[in-house]
Amino acid sequence: MPLRTSSKGSSRVNIETVARLLTIRNSPILLRLPPFVSALCLVVGIAWLFILPLNEYSRQTYVSENAILPGQVHTYFGGSEHNVFRAYRHEVYQMAQWSQADRLAAIEGIMRDIGLKSARQPYRYTVAGEDIQGTNVYALLQGPRADATEAMVLMAAWRNFDGEINHSGVALALTMARYFKRWSIWSKDIIILIPADSTYGSEAWVSAYHSTATEVTAWRNVSELSIKAGALQAAVAIDYPVGPWGHRFDKLDILYDGINGALPNLDLLNTAVSIASGQMGIGCSIHGVAAHSDSYQDRLKTLARGVMTQSAGHATGPHSAFMPYHVDAITLKTVGDGWHDEMSLGRTTESIFRSINNLLEHLHQSFFFYILLNANRFVSIGNYLPAAMLMAGNFTIAALALWLQSGRAPMTPTTKPADTASKLDGLQLEKVKLGDAVVLVPIQATKPMIRHLFLPVLAALAVHLFGVLPLKALVSLHRDYLTLSLQAIALASYLLPSLLSILLVRTLSASTQQIQILQSLSLLLLSAVLATLATLNFSLAFVVGVLAWPLAFVRPLFNPFAASMTLTSTNLHRSLLLAGQLLVTALYLALSPATVLYILTRYFDTSVQWTLLEMAKAWQIQGVYTALVVWAIWWPAWIVGGVVLTSSAWKPRS
Amino acid sequence: MKLATLLSLPAALAALVIASTTPSGDYNEHLHLKPLPGGHLYAGFNFTATTSLHDYDSQHFRYFPRSLAQILQHSHTRELHLRFALGRWDEESWGSRPRDGRREGGTGVELWAWVEGDGDAGVVDERWSSLVNSLSGLFCASLNFIDGTKTTRPVLSFEPEGVHRESDGRLELLHGTLPHEVVCTENLTPFLKLLPCKGKAGISSLLDGHKVFDATWQTMSIDVRPVCHRTAPREHDIDLVDTVVSSNVTTAPFQGGSNITHVQNILRYAADLTLQSNHSITQHYTLADDGSYLGPFEDEDCHLEIQQTVDMVLDIERSMRPRDDPIPRPPPIEQLECDAGKSYNSHDTCYPKPREGHRGWSLSRVFGQSVKGNCHLDGDKDQAQKYDVSLEVPLGRRTVDIPPATSITQSDFDDLEDVRQYRLPSDSQDFDLTLPHQPVPQPPPARQEQLPPLYASRQITGYGQERGSMHTTLRNPHSYAQRVVYLESLPWFLRPYMHTLKVEGHGSDSLPRLEKMYYTPSIDRQRGTQLELLLEIPAQSTVEMTYDFEKAVLRYTEYPPDANRGFDVAPAVIRVLPLHHNTTTKTNSSESRLLASGQGQYLRTTSLLLPLPTPDFSMPYNVIILTSTVIALGFGSIFNLLVRQFVLVEEVPTSPLAEKVRAVVARVREAVSELRPVVLARLKSVREGVGSAKGGGGGGDVQEPMSDGVGANGGLKPDGKGR
């Protein structure tokens with residue numbers, strides 16, 4: 001370092017360096033700029049998302065893997081298969097009235113008649129006092145050209161994601177199986193899977209597929225699979241819950257969100273879209289935006305829905321459970337009234353399977369991280385990631401600024417200096433001797449402050465560990481107590497900051513510096529976690545970043561009735577300050593995790609209990625980590641922010 | 001005239017030579033057909049040629065393919081087994097495997113051979129390498145990729161099928177597999193070229209690449225082994241007998257009274273076989289306990305036999321599609337058989353009736369052509385009893401139409417109840433078999449499909465890029481315990497954790513017994529793992545075997561072009577050992593004797609696909625690397641700036657440790673300086689005492705007082721010690 005040059009060297013250089021260093025130390029840029037930079041990051045980060053729908057920042061989708069050749073084959077599903085399909089649909093309709101055992105036997109009977117090997121898999125989950133059980137039926141079509149190393153899955157859940165019985169979907173899957181059996185082109189095995197339920201059935205099946213033996217625990221009892229094929233390459237689910245008299249649909253809604261916001265390879269989606277719209281003439285929609293005019297508003301709406309779904313991280317269909325196992329999967333859901341019938345859907349499925357069958361390697365060529373704006377327009381990770389990174393950067397900058405501040409002696413001029421001369425008088429000056437040169441500098445500028453780290457580190461750790469409590473409570477309590485426990489958590493989180501700051505400031509006599517360090521550490525952790533999370537689940541990181549924005553700007557409230565204030569300000573001034581501070585506190589409380597949860601359930605018109613139950617089930621069964629991020633990352637950071645906010649109020653009067 | 005004589009001379013000479021030293025040898029071929037449940041047809045082709053060892057050594061070949069023989073001679077290979085396989089045998093619906101699974105291989109290519117060594121370690125490897133490289137060229141397969149990492153030396157799994165002379169030297173068994181090799185027509189063509197009739201006549205004319213490789217399961221094998229006969233050539237060809245014995249013995253058929261003659265008949269063949277194989281085992285491999293040792297064979301008793309087989313299971317419906325319209329379009333509505341019993345049955349709704357009765361088929365439609373002529377090379381003499389085609393369908397319940405050609409003889413299937421045998425016409429007529437469609441629903445077969453010796457499945461479980469686990473399930477459906485040799489050869493980039501190996505039994509009180517284990521750990525890039533287990537599986541129980549493994553990270557250049565497909569792991573080879581006399585389950589002695597005769601039965605699991613961590617070999621990969629580098633640089637310098645405290649040199653606080661050390665030094669120095677006058681005074685007095693006693697001189701440097709040179713740092717210690 002230049003400063004370490006021997007004092008016998010050129011003293012001129014040294015003086016210049018010292019002067020420069022001192023300038024930097026006192027530079028208003030370092031002292032005052034960070035909050036503005038932070039705010040800029042925040043604003044730019046949010047604004048970033050709004051420019052993504054523009055043509056300049058998004059791209060037309062394209063099929064990247066050459067082997068797929070979507071829509072290059074002629075599809076033959078039709079003719080007399082339609083008669084068979086209608087019969088199977090009647091069968092499925094009849095089965096819906098039967099008991100579960102009869103239904104399973106009937107489905108297996110059809111599969112055996114087709115000439116496939118079939119098997120069942122009962123499963124049972126017990127979460128929050130709720131029993132989820134069912135039995136999956138599946139059959140294996142051994143590909144004539146296959147050597148049992150690869151397989152693809154055709155799925156039709158018995159009940160679709162909305163809970164309706166998937167009459168036509170199941171019938172179509174069975175008809176397709178019968179039709180596929182005659183072809184000799186399959187180079188991968190085909191598994192026909194009828195999960196009992198769209199979320200947990202497929203989860204039970206795919207988890208058993210990838211495990212050796214399943215341990216029975218109090219809350220999870222999933223049987224092993226008696227028939228297995230090789231590595232799963234892709235899965236396609238059909239959601240077509242139309243009864244025995246049929247219903248023509250208008251569009252295919254393609255569902256693609258996986259657990260924890262994992263997405264299938266874009267090639268699979270593109271294949272489905274290009275086959276459906278290019279080959280079959282069926283329009284495709286994303287996220288239920290059926291009437292998509294490709295305008296900025298519609299694109300933004302699709303993007304917003306995508307971000308919301310992805311950030312929630314829950315399952316969106318039977319395909320979702322496959323994503324954590326690196327199996328690309330989508331659901332084709334029929335929507336609207338139109339003129340496309342089940343045969344068009346069947347031909348689409350046939351063509352998709354022919355394309356997957358063409359694959360020589362596991363889908364890897366195209367994007368795994370993308371945001372869709374409509375069925376054939378996407379934003380790649382390079383374009384959208386900066387938004388989440390800016391959100392995380394905002395907290396980093398705030399944390400670094402706080403760290404710098406904590407290392408400075410407080411500049412406390414007792415009176416406001418009138419002019420420069422008296423300003424100099426007010427400061428204590430110190431002689432700094434360097435070789436034969438002497439400089440006069442203010443004493444605060446050169447005095448290094450020792451940071452007392454022990455208490456802040458301990459406090460930050462404790463608060464973050466404490467986050468396990470609400471998480472544990474909300475995922476393991478009985479469902480009747482879930483609402484109550486959320487209320488308790490909400491109340492506790494309103495009180496906890498004050499209590500903690502009393503503990504820290506009064507009992508443990510933490511200094512202002514230590515409070516600053518505490519906040520800095522907490523923000524550093526938050527930013528690091530968000531930046532990491534952004535590479536896994538962009539939307540969750542972004543949404544948490546947006547909701548946690550005040551944490552970067554929280555500073556201790558100052559007591560308007562403190563001694564120093566009473567001397568200088570008028571009553572009006574003080575009451576205005578008080579009002580302002582109350583407003584800040586109210587805003588702060590409104591952005592607590594529990595409150596936000598309440599607001600969100602109100603906005604989406606769902607019950608709090610249902611939401612909490614779904615979160616508990618998702619965490620327990622599918623390993624959705626949204627709850628963890630909320631309660632172990634965001635909530636502790638929010639609590640620390642509250643401690644900072646209230647710290648000055650409990651400062652003992654000196 | 002003169003020219004003609006001149007020209008005819010060499011021909012005459014050649015004829016003379018041939019006439020005088022006609023290579024002895026034999027060739028026969030056989031096709032076994034058997035419909036299997038689920039609309040499948042099993043077709044087993046068998047081509048056997050022999051040559052005497054004498055002719056082989058002197059390079060006289062008649063039926064034995066010269067190209068292969070020269071490779072074997074060059075590489076000093078005494079016994080060779082080569083397999084090409086595709087697809088899966090469905091044990092649950094098709095029962096036990098044909099030929100006891102001894103003529104089939106794992107998916108891809110499998111090769112094992114006994115190579116003669118001369119004591120040098122490297123010689124066998126060299127010969128093996130030359131063998132695989134030559135075979136690679138001969139069969140248009142990537143056999144040359146069987147290198148050290150793919151070669152194993154199994155201990156228990158294989159035993160020589162042939163009789164080896166003592167003079168052959170020390171034989172070593174080497175085994176290699178290529179699970180990724182896709183078997184196709186380019187392998188079939190050289191295979192057919194080895195046959196005397198080259199696929200132009202006889203049953204081999206049915207072997208057409210389109211049909212063979214459209215099969216649901218297909219395996220081609222080539223086995224070369226020396227065999228020795230004590231007596232004149234037997235009346236029946238060995239492999240027919242072999243097949244008959246194995247396929248009838250492996251069931252537990254000896255219960256009914258009606259089968260008595262049948263059993264006796266088999267016993268007659270089997271005793272013949274037993275003698276022979278027992279002998280071979282006794283001579284070199286001390287497994288047999290029969291004691292029927294007949295003395296060493298003479299050289300002229302011995303022949304070199306090449307057996308080529310093609311076994312396949314065809315989907316009858318798929319195979320009978322016309323070649324000009326192979327697309328399985330939905331049939332016209334009128335052809336659809338509807339279940340009229342359904343309430344919703346109407347003109348547009350049709351529940352398809354499950355197919356009943358036997359599907360009609362014929363050789364010419366299933367194989368796309370009928371058998372062209374015959375391949376009876378020795379003429380008709382001495383071959384009256386030999387049949388070319390046998391068909392195993394329930395007798396009396398299934399009508400079979402054969403063309404009314406006089407030269408076709410239908411055997412009097414006296415002893416083998418359900419087998420009809422046919423001999424190809426001796427003139428070059430075409431031969432076809434037609435089984436018409438029989439709509440009458442058949443009563444369920446009285447006899448269960450023969451139970452396979454064992455059900456085996458092997459899977460890779462787990463997910464992610466780092467670890468995985470192997471899960472093998474072996475199920476013994478029989479009422480007696482079975483001993484099994486389980487061989488796994490794993491590629492080096494799959495690193496098993498042997499401490500996690502668990503063998504667990506289910507469904508039986510007695511536990512599976514792990515009798516022996518041979519394990520050769522892998523060496524990165526040089527050798528794969530070889531694991532061989534000798535297990536006893538209790539009656540009617542399931543054994544689960546699991547172990548965890550780690551996936552290696554390969555070097556950038558070691559990835560194949562299709563890196564994201566994953567890497568193939570060779571199938572496990574399972575050998576079910578024949579029952580012994582002294583096993584706990586005491587059965588009928590003749591039966592156990594029969595079962596003890598063979599080498600046991602073989603089965604193989606499917607091959608596996610192992611996904612390895614794969615770098616993204618594309619543009620984003622470069623972008624990520626570049627960005628990461630930039631970020632790392634930026635982060636490094638910012639981090640450096642942040643954690644560093646900038647102070648002036650003068651400001652640098654002295655470390656408390658250094659202070660303490662300095663204080664200690666100072667104290668020591670003080671103590672020393674206090675002590676010094678005292679010591680000096682003492683020394684002086686002593687020296688004076690000594691000097692007065694002995695006279696001075698000599699020790700001038702001893703009493704020289706140390707210059708107060710306690711060095712800046714290290715001087716203290718020696719100084720202190722010195723005093």
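Each Cβ is built from the backbone N, Cα and C atoms, and glycine gets one as well.
Look at TrEMBL and you will find A:29-51 (among others) tagged as transmembrane segment.
Marked as transmembrane segment by TrEMBL: A:384-404 (among others). Long-range contacts of the transmembrane segment (A:384-404) within its own chain (CB-CB distance under 8 A, at least 6 residues past either end) are made by residues 30, 34-35, 37-39, 41-42, 44-46, 48-49, 52, 369, 371, 516-517, 519-524, 526-528, 530-531, 534-535, 538, 541-542, 545-546, 548-549, 551-553.
Nonlocal intrachain contacts for the transmembrane segment (A:453-475), taken as residues 6+ away from its ends with a CB within less than 8 angstroms of a stretch CB, comprise 128, 482, 485-486, 489, 500, 504, 508, 510, 514-515, 517-518, 521-522, 525, 612, 615-616, 619-620, 627-628, 631-633, 635-636, 639-640, 643. What TrEMBL lists as transmembrane segment is A:453-475 (among others).
Among the features that TrEMBL reports, transmembrane segment is placed at A:481-505 (among others). Sequence-remote contacts of a segment are chain residues at least 6 beyond its ends whose Cβ falls under 8 Å from one of its Cβ atoms, and for the transmembrane segment (A:481-505) they are 128, 455, 459, 463, 470, 473-474, 514-515, 518, 589, 592-595, 597-598, 608-609, 612-613, 616, 635, 638-639, 641-647, 649-652.
Summarising the annotation, TrEMBL assigns transmembrane segment to A:517-534 (among others).
Within its own chain, the transmembrane segment (A:578-604) has Cβ neighbours under 8 Å at 486, 489-490, 493-494, 547-548, 550, 554, 557-558, 560, 611, 630-631, 634-635, 638, 641-642, 645, counting only residues six or more beyond its boundaries. Positions annotated as transmembrane segment by TrEMBL: A:578-604 (among others).
Residues annotated as transmembrane segment in TrEMBL: A:624-645 (among others). Residues 259-260, 311-314, 459-460, 463-464, 466-468, 470-471, 474-475, 493, 496-498, 500-501, 504, 515, 518-519, 522-523, 525-526, 529-530, 533, 540, 544, 547-548, 550-551, 554-557, 584-585, 588, 591-593, 597, 615-616, 618 of the same chain lie 6+ residues outside the transmembrane segment (A:624-645) yet bring a C-beta within less than 8 angstroms of a C-beta in it.
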